[in-house]
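Peer 1: Below is one structure. I have some questions about it.
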Amino acid sequence: MDLNELQNFYHVRNASNKPCFVVNITAEHGIWQSENPLTQSLPLLAMQLAATIFVTRAVYYLLRPLAVPRIVTDFLGGVLMGPSALSLFPKFRDMFPLRSIVTVETVAYWALCCHLFLIGLEFDMSVIENLTRTSKKAIHIAIAGVLIPFIMGIGLFFFMNQVPGGEYNPTGCVYIGLSLAVTGYPIVARVLNDVKLLHSDIGRMAMSASLVTDLISWILVIIGIAFSNQTSGGASVAVLSTVGFALFCIFVVRPALAIIISKTSKENDYSENYLCFVLVAISAFAVVTDILGTNSVVGAFIFGFIMPNRILAAAFLDKFEDFVTGYLLPLFFTICGIRIDIWSLFDKKAHLAIGSVVVVLSCSAKILSTLLVSYYENVPTRDGFSLGIVLNTKGILAILILQLGNSGEFLNKRDYTVMAIAILLMTGVVAPVTASIYRPAKHLSNYKRRTIQKGRQGGELRILACFQNFRNVSGMISLIDSSNATRESPLNVFALHVLELTGRASAMLIVHSTGGKSSGYSRHGRKNSQSEKIVTALETYQTLNDNVNIHALTSMSPHASMHEDICSLAEEKHTALLVIPFHKLPSKDGKLEAEDNTSFRGVNLNVLANAPCSVGIFVDRGFGVSDNGESSLTMRQILMLFVGGPDDREALAYAWRMGGTEGISLTVVRFLPGDQVEEIQPKDLLPVGEAHKMLTSITYVDSNRKLDDEYVNEFRLKTAGEQFVSYQERVVNNDEEIVLALQEMHHTYDLYVVGRGEGIVSPLTESLADWCEYPELGPLGDLLITSSFAQGSVLVVQQYVGSKDGISIADMLSADNSTSHGSHHFSSWEHSSLEDGGLEMEPFAHHKGKQDVDA
């Protein structure tokens, strides 16, 4: 069997001009009667499937260190199985006889339909609904990234077919243009995540642009396939009917599915009947779009796209993805690969020269279009080039377009081979090239005011305030209102609503317009959504406070990577304080809900370990709200408890600022150790909660005591004589006396401000630390929210860990190490990340300003 015979298997006919079929499915007698099992369909299909999986997996593991996308390794494995490599050997070529191609292709296209259903599941409809708020830069880049490559593809098709004696179908230019225009949105997300750019500025812009490009590409594919397969009149009907079917599915079938799922499921528990229903529905939707005149894969994609329940979508992905993508889909790449013969390009020098030029120009189409738009949008050239490289990522849709063009005889063997090489090259180099050109570490800003204490007294304060739920709004606004915003010392607040993105949809950051432009959000957003309510409340507050500038944003990402969005935004906006709500939401009576949100608690823990600035965990128990649920106009009583250490100094710095606010009464109580307190030796330092003690040096402890005294004395000197700022000292010998001192304070305080105390072991709080229910709050914070005598809200502050008070921790220890021969050292932190109720240990590496998670 030669290559031409293999590539023209569709035209095989017997004497009566009827298609030939294989009757036997399995061997009847087996090897015991000298019968070759591979002459029958099922054993042969099993052998072909095993060979395909082995080759594609081998290529994947070989190229995995280069972070090459899985689709590239599978496609390359399919090419290697064709006449370009393994099929050059007769024994291997005989594994794919002509009579088996129809069976292999049937299974391959069924796997393709299932795969495109999974791709549809990865699209979150809420993300699509928010496209109206996508930046104009991303939209312009997406439109140019479709139109310019499409036009270049048409030109390259005719350029390739100018060799004398060659035959070509002019309709093939549509397939070449479409293959260059598309961008694989899910593949872009995976590549950006692999190179750790998903949450960077360029990553967010690439995700927005690729999403718009992918949606435009699907529309063009429907139009292109319809017009290439039918007359103009029939094509118009096919396109309109397919669009009508898609709209019917979105506005009728999707709500109906939501009702059915809600009526038949209990607490996100889905039976196996759903799996059966999905398999039937994939086939039904595929048949409908095939009948309408486009292609069966369009229907499978639409069905995945309209899936209303994201938790159910995630369950389908978990059940289907490994089987479809890892087991069946490689057959599709094999079908594509056996049509690719790289050696045929060497038949004529003109073919090789023209093919090389076409590959280079194909790879540069997206880059040129992106650079052109970037120039007019004032995007830096390096970022524009990196963005073009990322948008060059091709998915399964580009390969499918070429396959349809070749099987429909619109593309000849040379065109198909050249474009396949171009797709492999441009997608395969995305990860390594992007990682080498654009690294987030190169762009980390070295802003100095990462803490409130280091900030200029009376200067601007930049805060990133996170909102888990609308119930966080009242307390967070009261906290912002108590932060002493004046004309000389304004507040710049970045209000981030964090939303969980379930399933496999990709993270997204949405910037809302504030300052009198909220109507745009209300028109385009979902009615009564959490984000809409939060933005409206923040806008209302901003109109009443000229010295507060609020920027509203919404971040949609999985809980596992939500902290990366938060920390990246804090780094980007140069914030000095990052305020995150406690994972327990406040109830209507001002107390905390009994139920733990363990997933969001894991987000808080990761933020504490990775934040580029100081962090405050805000436990809201009705701060700024009276007993009847309305805003309180009485004077707010704030108590700051000072034990010692960097976190307490940072908490004092913020409380000091709050003390200057009109309507605020600030009381600072410093606990001093009495004569009966025994000093803790470094050898006695024990782990607190889930984090090991990082600082075990006597030098560091002594230095902190000196810094504590200096900062408290400065506070007392500058606030002396202020009517609503008071300072007290209490001498205590142990934690029991601290509790008694707090109980004796007859004032009812609205807010307690304390330091987390991470890295410092005080003899006054050592016993409290051993019994912490919530280690992220520190000993005093945990005591205040679990005790009955403290009813107010609590703000627990952790100072930025990179460098304390301008003194490098490593420098502090160096002198001590020179005398103790290195007996005191840092121990690496191990931080607990709580996700979906499980405990996952993540090691963190220490360096100034950033800690990377190796999950």
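Just so it is clear, glycine is given a Cβ too, placed from its N, Cα and C backbone atoms.
Because TrEMBL annotations are produced automatically, they should be read as predictions rather than curated entries.
Residues annotated as domain 'Cation/H+ exchanger transmembrane' in TrEMBL: 56-433. What TrEMBL lists as domain 'Cation/H(+) antiporter central' is 491-625. The domain 'Cation/H(+) antiporter C-terminal' annotation in TrEMBL covers 639-802. According to TrEMBL, the feature transmembrane segment maps to 107-127, 139-160, 172-193, 205-227, 233-253, 274-292, 324-346, 352-373, 385-404, 416-438.
For the listed features, I'd like the structural context: burial, neighbours, distances.
Peer 2: Confidence in the domain 'Cation/H(+) antiporter central' (491-625), given as mean pLDDT, stands at 77.
Sequence-distant contacts of the transmembrane segment (107-127) (same chain, six or more residues past either end, CB-CB distance under 8 Å): 45, 185-186, 211, 254, 278, 282-283, 286, 296-297, 299-308, 310, 313, 316-317, 320-321, 324-325, 328-329, 331-332, 334-335, 395-396, 400, 501-506, 508, 526, 556.
Among residues of the same chain six or more beyond the transmembrane segment (139-160), those with a C-beta under 8 A of the stretch's C-beta atoms are 168, 172-174, 176-181, 183, 205, 208-213, 216-217, 220, 354-355, 357-358, 361-362, 365-366, 368-370, 372-374, 376-377, 387-388, 391, 414-415, 418.
Here the transmembrane segment (205-227) has long-range neighbours at 127-128, 131, 134-135, 137-139, 141-143, 145-146, 150, 174-175, 178, 181-185, 188-189, 192, 197-198, 234-236, 238-239, 242-243, 293-295, 298, 301, 387, 390-391, 393, 397, 401, 404, 506-508, meaning same-chain residues at least 6 beyond its ends whose C-beta is under 8 angstroms from one of its own.
Tertiary proximity for the transmembrane segment (233-253) is limited to same-chain residues at least six positions away from its ends with a CB under 8 Å from its CB atoms, namely 222-223, 226-227, 285, 288-289, 292-294, 298-299, 302-303, 306.
Listed as Cβ neighbours of the transmembrane segment (274-292) (distance under 8 Å, sequence separation of 6 or more from its ends, same chain) are residues 113-114, 117, 238, 241-242, 245, 249, 298-300, 302-303, 312, 315-316, 319.
Same-chain residues lying 6 or more positions outside the transmembrane segment (324-346) and placing a CB less than 8 Å from one of its CB atoms are 3, 6-7, 48-49, 52-53, 56, 70, 74-75, 77-84, 87, 96, 101, 104-105, 107-112, 114-115, 118, 352, 355, 399, 402-403, 406, 413-414, 416-418, 420-421.
Long-range contacts of the transmembrane segment (385-404) within its own chain (CB-CB distance under 8 A, at least 6 residues past either end) are made by residues 69, 71, 75, 112, 115-116, 119, 141, 145, 175, 178-179, 182-188, 191-192, 202, 205-206, 209-210, 213-214, 217-218, 221, 224-225, 295, 297, 333, 335-336, 363, 366-371, 374, 379, 411, 416, 419-420, 423, 426-427, 429-430, 433-434, 437-438.
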Peer 1: For the transmembrane segment (352-373), what are the same-chain contacts with Cβ under 8 Å, counting residues 6+ beyond its ends?
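Peer 2: Distal contacts: 137, 140-141, 144-145, 147-149, 152-153, 156, 159-160, 162-163, 180, 183, 345-346, 379, 381, 384-385, 387-389, 391-392, 414, 417-419, 421-422, 425-426.
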Peer 1: Could you tell me what the rest of the chain brings near the transmembrane segment (416-438), counting residues at least six beyond its ends with Cβ under 8 Å?
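Peer 2: For the transmembrane segment (416-438), the sequence-distant neighbours (Cβ-Cβ under 8 Å, at least 6 residues beyond its ends) are 63, 66-69, 71-72, 75-76, 79, 160, 176, 179, 184, 187, 191, 194-195, 197, 200, 202, 336, 339-342, 344-345, 355, 358-359, 362-363, 366, 382-383, 385-386, 389-390, 392-394, 398-399, 402, 405-406.
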